[in-house]
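Copied over from Swiss-Prot:
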- Gly32, Pro33, Ser34, Gly35, Ala36, Gly37, Lys38, Ser39: ATP binding site (BINDING)
- 2-230: domain 'ABC transporter' (DOMAIN)
Amino acid sequence: MIALEKLTYFYQHLPMRFDFHVKPGERIAILGPSGAGKSTLLNLVAGFLMADSGELRLNGESHRETSPAKRPVSILFQENNLFPHLTIGQNIALGLHPGLRLNAAQRATLQQIADRVGLTDLLDRLPSQVSGGQRQRAALARCLVRHQPILLLDEPFSALDPALRQEMLDLVESVCEERKFTLLMVSHNLDDAMRIAKRTVLIVDGQIYYDGPTQALQDGSADAAAILGISRSSSD
């Protein structure tokens, strides 16, 4: 589903290099210190940054040089990027048609997704008239209506309080199960990674430092857990 082979991007003349594969339907957490290259990795997959060399395949096709619109991915950022002058329903509809001219099937899709994320009664409200958690639900819904098989999450819930963050993680987990999404989720929170992904890729200085079970980072059994300030003794 996702294959990065010696994918290299030069940032201020320093190479960031990524090499790993993700199976269809697999959920991967991306962890690492601030500035390590986590968001860069997602932007390379999404097409907002173009790699200098290497190979990027999505769904078995090469996408290293294709535009974001032609890649089979949807991405959700920490900033929900909702347009303040459009209603929640219109913001979601942008995922279906940039001119908001929906046919009957698209309107049905929008309604179905709105029901799924709990926004049915809020479609006519402006973003300023709903809560932060509801705005992120709308941003997630805009991703879901696009029906792309790969979902990229770049710390979209980090600004939410713990209860709302857990609620959104539950929603993401259930939606991924239902739709068999392949997921890459950037996070600073190991507990969130444990909640979503059995496998974690740890990035340090633009390189993959660890690729393995999330549990081994949580319990300190992996040497790489020290990067996150975790040792076997501190996790006991």
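For all residues, glycine too, the Cβ spot is worked out from N, Cα and C.
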Can you tell me whether DSSP puts Ser39 (ATP binding site) in helix, strand or coil?
helix
Lowest local Cβ density among Gly32, Pro33, Gly35, Gly37, which the record lists as binding-site residues, within 10 Å:
Gly35
Residues that sit under 8 angstroms from Ser34 (ATP binding site) by C-beta distance, when 6+ apart in the chain:
His188
Around the ATP site formed by Gly32, Pro33, Ser34, Gly35, Ala36, Gly37, Lys38, Ser39, which additional residues qualify by having Cβ within 8 Å of the site's Cβ center?
Thr40, Ile203, Val204
I'd like the number of other C-beta atoms within 10 A of the C-beta of Lys38 (ATP binding site), please.
24
Test of understanding: give the count of other CB atoms lying within 10 angstroms of the CB of Ser39 (ATP binding site).
19
Are there any residues at least 6 positions away along the chain from Ala36 (ATP binding site) with a Cβ closer than 8 Å to its Cβ? List them or say none.
Ile203, Val204, Asp205, Gly206
